[in-house]
Structure formats: structure tokens, C-alpha cells
Amino acid sequence: MNKEYNTVRITSSSEAPDEQPFLPINPFAEPITAMSTTNPVRPGDDDMIDIDFQNATTDRSSNGVMNVDLVNTHYDDFQTIDWLKDLMRDRFRHRLLRAKSYQSLFNKLLMYHDAWSGWLCVLLVGLSAGVIAAVIDIGTNWISHLKQGICLNAFWLNREQCCWASRELQYDNVNSEECPEWFTWPQVFGTYRKGPGEYLLSYIMYIFWSTIFATFAVLLVKVFAPYACGSGIPEIKTILGGFIIRGYLGKWTLLIKSIGMMCATSAGLILGKEGPFVHIACCCGNIFSYLFPKYGRNEAKKREILSAAAAAGVSVAFGAPIGGVLFSLEEVSYYFPYKTLWRSFFCAMVGALVVRSINPYGNGHDIQFSIDYSVPWSSFELLPFILLGILGGLWGAFFIKTNVWWCRFRKNSRLGQYTIIEVVCLAIITATIIYPNPYTRMSMSELIKRLVSQCRVEDMIDLCDYPSAQFHNGKIKGSIGLAGSGVHQAIWKLFFALIVQVILVTFTIGVKVPSGLIIPSMSIGAITGRIIGIITEQLAIQNPSFILFRHDCSKDENCVTPALYAIVGACAFLGGVSKMTVSLVVIMFELTGGLNYIVPLMAAAMTAKWIGDGFVRGGIYDAHIELNGYPFLDNKEEFNFTTSAADVVRPRPEQSLLLAYLTQSGMTFLEVENLLKETTHTSYPVVISRDQPYLVGQILRRDLQIALSMYFYELKKTL
């Protein structure tokens, strides 16, 4: 017998005179000398790839048509996987398990373990992603408040937790807590009197801590895990598309990105931590996949786990399990079979349950920006909602162009060699600019929470300064009344915050620290939405007889809710940058709990995408994929085939002058077999038809051999 080294080969009948039942080669086995089994093939195995090794005709084996190499278990770094080969290997492995399961009870248990190993793997991914996300949220809140002071009696508590049990709790003009238990840094150093000295010391300590946190984050990334920078979503899309980036989903990247996210976000840089949760969850998916050889040793199957992990990343970041599944399906996944949909849903659900159990936000919810109002919106408000969508689309186009330009400049200039200095300088500049404004001093997550919340009776902040306002149900403060001076001041402060965030986020996204774009885009959109909401509210109050307001605002009731405009604005501006639609709307209503506002969210998201597509094709993640030169082929993109095969491929000089090619439809198996007999090419161009020889792709000789092997085996079974 000839030895077969993991190669599927058709042997002639003279080599195997006695017919034996078929058993496929184990792709993971060592070289073998013979194949035999006493177990018959069951009829239910017809969906598996099956090749008859014993009963093929001699002529088909002699010409090499059926020589098929099925095994290549290792891919080099920056190499694209072979989807067909890996899925083929998994089917042979499953076929082997099915065949062996009839031999003993142990083998049958192994087959059952193989069947539910995918569910166990995504369960572990969901649990780990939820725990890590909760720890990061708790740590970020504590470190972020550390820039302004410390709870001396219990240093591990953040500002909000420190003042929970205080009997002298007060709030400032932006609704931040003040209590004797919380010590600002001037108070720690013995300065209790309000004045210029106290303000200057607070200013200096804010800049000092911001610089320390940013420096620590960039040093961690540069020294231990260079792949931990950025959001990771462009690279995750590329990896899920079949590209290999060794170390990008490793344990060091997971650890450094988790710590770096807390430091970079707490430094006050205009970036978010929610986007990198997708990268962190995929790191968990990659690590746990190696516990199950079914996924750890097969790159195509591993991407099923990574797709579920991406869904869990969005779920734990926003408390939006359904939105996470849709995000994975719409935005990042390339190969998404039906069973992956259910596993992604299960993984996202587990992650959301873990976050809710730990309760990192301290509000009893698993979402950050929960709202408790359901004021109906009026028909005329579709106009400002669409306006927000237009502004979101324009913002997305502006940001994508400017940020890509700046990242390309950084990459091609000497600035890219001084990553630490760049981050330190950026942290100092950012802290210096944002401290004087209380709306930029607070974290962007806290700012969004303020903007999407409706005014209450107890709120004495600037945004709720309505001197003649009425109260409805003793709970919600109505907008029936002119805005006071506090609202006017708040608008100017918010406008300043808008300008600062728009400028700084352009230069911040892309630096060598963990950074996400989701929260900054939502913050910019929420500010714009709240400003437009207040303007619309005041116009409706002062002009109740105007044709747009006559029907809905003539009664003595609340007809405009400015907080709703903040939600719609956040959706529109995030949609303008990411170009998401369905998943974005679902994430937004899960994130806020505003199920009644789906139509405004849909109108804003679609308008933002339409406007943005008019200036830039693709979202920010696609732009960064193109900027970095990743070999990503978008399966949702439409291509116009205008290049003929003869313009791209040439026949070998020693062979016929006629180009060997296949048509995308209409060829028979016999024609394909004759083509392989007559030529020895390793790949063949695929054209539309003989009359229209426009190139649409290529196919490897090996893949044709596998398809023919399957066909002839199925044909033999029917005879």
C-alpha cells in the first residue's frame, strides 16, 4: 500500500479488489497506510462530503483529476484563510465522528460533546465578556472621578457612591454631587475656601491626573501590546472576513486593552470605551475557542465564535443584546450561518445578564441611558428629526474625510514615530481646554445621560431653568414656559462643548491608545439634538398659532420634549459616522428604553446614511480598513464587471494560445473534467459567459477537483 499523507486520492479498483464501506480520512490524523471500517454509512450522512476511494475508474485516477489536498492546518501571519478547505475539513471531521460513534459508547459521547461544544464556548465568552465589561465600567468611573477628588473615608468609592448615604447631599449647576464625605484636591491639601487659588489648584490637579492616565495607557500599549490601540472594529471586520493577524486576539492584548481603556477614558480624551468592547469580547472568543479543537484548529469555524463574541461585545457595552446580534450581522460578520445567529443571540443574552447582575451603573438597569418618560411626539417634529439626520450625515462625511487625512498624515510623517509624545501633548491640551466648561469636564457618558433625561421637579440645573414651568403628575417638569437665563447659559456652554468635541475627536481617534468612536459621536449628536430641541420648544411656545404648531401645541400640555431630540441626535450622528441603520436603531431604543420613539430614530438614521453616502461611500470602519491596506472584500458591495479575462490572465507560452476559463453557469461536470485533463493550471478565471467573457472571479484547481470528487461519488451511489 502507498502511504497517504492527509491527501484524498482516488485509487483504482485493482488496488482495492474487495469493496469496503467508505470512511473519510481524518484531516488531523498522522500518515496512514490503509483505510478500513466495518461500520456502514448511514443514510442521514448525505449532507456530509463523501468521496469513494475504492471504486473509482482508473482513468480518473491516472490523470490526476481527483488528487485533492484537503489539509493545511496552519496559516502564516497576514494570510487569508481558505474558507472552502477549512469547512471541508470540518465536515470530514464530523463525518469521522459520526462513523466512530457506532463503535462504542465513549465515541458516541464524544460526538454529543462535539455537538454542544459550540454552545458551551459562547456561554463562556458571554460570561467572561460580561464580567470584564462590568469591571471596566466600575474602574473607569472611579479613575475618572479621581481627577477631581477622592473619598477619604472609603477611597475605593467614586463620587456618586461616596455621597449616596450623605445627609448633606447637594448638586451643582450640572447636577454633579457635592457632599462633605467627598474631598476635592484643594480640600485634601487643606484649602477649603472657594476662590481663585482653590480653582487654580483644582485645574492643575485635573491636568496632572489626565496626563498621568494618558501616559500610562500609551506606555502599556507601546511596550506590551501594540495591537491594543484603537477600537479594533476595522481589524475585527478584516479577521472575520478571513484574514489572519497573529496576536491581535491574544491574552496580552485582552489584558492591556482592558487596563488601557480605563486609563485612556479617564484621562478625559475625547474617545469612548464602548467600541473596544467588541475587540475585548473577540479576544475572549479566540482564547476560549482553543479549549475546543473543533474551533481552535479550524479558522473558518473559529469565526463563528468570533461573530457571536462581537455581538456580546455590543451587548455588554450598551445592554443591547438584540442590537448586538444585528450589529454583528450587519456591520462586522462575513460568514454568518443560521446556527451562528442563535449562538450570537445566546452569547449576547448571557453577557447582558451578567452586566445586569453586577450592576456597574448603580441604577438597577443593564443600560446606561435609561429614560422614564414616554411623552408622545408630534407629526411636525419629523422636520427637526430629519434635520438632525442631515446634520448627522454631514458630520459623518466631514469626520471620515478629516480623520482619515490626519491618520494618513500621521502615518507618513515623523509624527508617527513619537506616539508617546503625541498622546501626552494631546492629553495636556485636552485637559486644559475642557476643564473650564462643566459640560466638557464631566465624562461624555455622564453628559449624554444628562442630555437625554427630562427635567424633573427636583432638578435645579441650568438646562431646567424654566421660571414659569408647570409640573405634570408631580414628577415631570413641563416645557410650558419661556426658558430662563440658565437655559440660555447652558446652550452657550453646550455649543462650546460641541465645537471642542468636534475638533478634538478628529485628532484623537487613531492615537496609540484604546479608543472608540461610538460615545464621542453620540455625545456630539446629543448636544446638537438638545440645542435644536430647546429651540423648537421655544418656537412652539412663542408661536402656538403657527401652522406647524396649531394642532399639537394649542392645548396646555407638553408638545415638545428636548430630551427626545438628544436621543435622535445621538442616533443620527452615530449613523452618519458608522453608516449603520437597522442595528443602530435597535441599539438606541435598547440603550434608552425608548420603544415609542422608533420612527424618529429610523427617520434620522436613514437620512444620515443617505446624506453621508452622497459624500463618502462606506463608514469610518471601512475607511480605516482601506487606510491600513487590509485585504477585506465586502460581501455587501456591488461590483461592475467590465474587465475581460484576456486582459488579466494569459496562457502559458508552452501551451495553447487559447485561454482556459470557466463560465459562472451553464457548464457540465464532464466539461469541467475535460478542462482539468487538458490543462495543468493551478487556477482558472471565471467569466459571465462565452459571449460575455467578463471576469467575475477565479477558482482553484483543487476546489474543482473536490467538487468533481463529490459529484462522482453521489453519481455512483445513485447507480
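Placed from the backbone N, Cα and C atoms, the Cβ positions cover glycine too.
Pulled from TrEMBL:
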COMPBIAS  1-15  compositional bias 'Polar residues'
REGION    1-23  region 'Disordered'
TRANSMEM  116-136  transmembrane segment
TRANSMEM  203-228  transmembrane segment
TRANSMEM  249-271  transmembrane segment
TRANSMEM  277-293  transmembrane segment
TRANSMEM  305-329  transmembrane segment
TRANSMEM  380-400  transmembrane segment
TRANSMEM  415-435  transmembrane segment
TRANSMEM  490-511  transmembrane segment
TRANSMEM  517-541  transmembrane segment
TRANSMEM  562-589  transmembrane segment
TRANSMEM  595-612  transmembrane segment
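Put simply, of 116-136, 249-271, 277-293, 415-435, 595-612, the stretch with the most CB pairs closer than 8 A to the transmembrane segment (380-400) is 595-612. Across 116-136, 277-293, 517-541, 562-589, 595-612, stretch 517-541 shows the highest tally of CB pairs under 8 A with the transmembrane segment (490-511). Using a Cβ-Cβ cut-off under 8 Å and counting only residues 6 or more beyond its ends in the same chain, the transmembrane segment (517-541) has close neighbours at 231, 270-275, 317, 381, 384, 387-388, 391-392, 395, 399, 439, 444-445, 447-448, 451-452, 463, 479-483, 487, 491, 494-495, 497-498, 501-502, 505, 508-509, 549, 553, 559-574, 576-578, 620.
415-435 is the stretch from 415-435, 562-589, 595-612 with the greatest number of Cβ pairs below 8 Å to the transmembrane segment (249-271). Contact between the transmembrane segment (203-228) and the transmembrane segment (562-589) is absent: fewer than three CB pairs lie under 8 Å, with pairs separated by 6 or more positions in sequence. Listed as Cβ neighbours of the transmembrane segment (415-435) (distance under 8 Å, sequence separation of 6 or more from its ends, same chain) are residues 203, 206-207, 210-211, 213-215, 217-219, 222, 267-270, 409, 441, 500, 504, 507-508, 511-513.
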